[in-house]
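> TrEMBL feature annotations, pasted as is:
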DOMAIN    10-124  domain 'HIT'
MOTIF     108-112  motif 'Histidine triad motif'
ACT_SITE  110  active site, tele-AMP-histidine intermediate
Ligand code: AMP
């Protein structure tokens, strides 16, 4: 069953301007800001303005305009940051952790945008199991 939205989560507080962020983009659907603990030379989070716990919750419950608006914003941010190859950048990784196995820490949907260096494999490679 879906987890109820916690209006006291840190990204809800950022959306209400109760705590600061290093803002890089904002429109009616989304806000983007630098991650407080960057894992790459560029590490930005894009969040929807509406209260959705996770990608799972968002894709099940959001309206089509919210979904389109949010993912358009992810694209705009990747281009504005100069990461997108369409803008002469060298690429980026977009990642959304959803739920326990993915170690989602903040229960408000966020897409991480990583870039600025070769990012290596998507997941740590597991040793091959013997046949
Ligand atoms: P996740 O594990 O996918 O839920 O990632 C949560 C991310 O939020 C982490 O990369 C944190 O560094 C980041 N984070 C937590 N608090 C803040 C904050 N106040 N401002 C910016 N980023 C934050």
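Backbone N, Cα and C atoms are what each Cβ position is placed from, and that goes for glycine too.
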> Which ones in the same chain are close to residue 110 (active site, tele-AMP-histidine intermediate), with CB under 8 Å and 6+ residues apart in sequence?
11, 45, 46, 47, 96
> Counting by DSSP, what is the helix, strand and coil composition of the domain 'HIT' (10-124)?
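Its residues fall into 33 helix, 25 strand, 57 coil.
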> Which value does the mean pLDDT take for the domain 'HIT' (10-124) in this predicted structure?
97
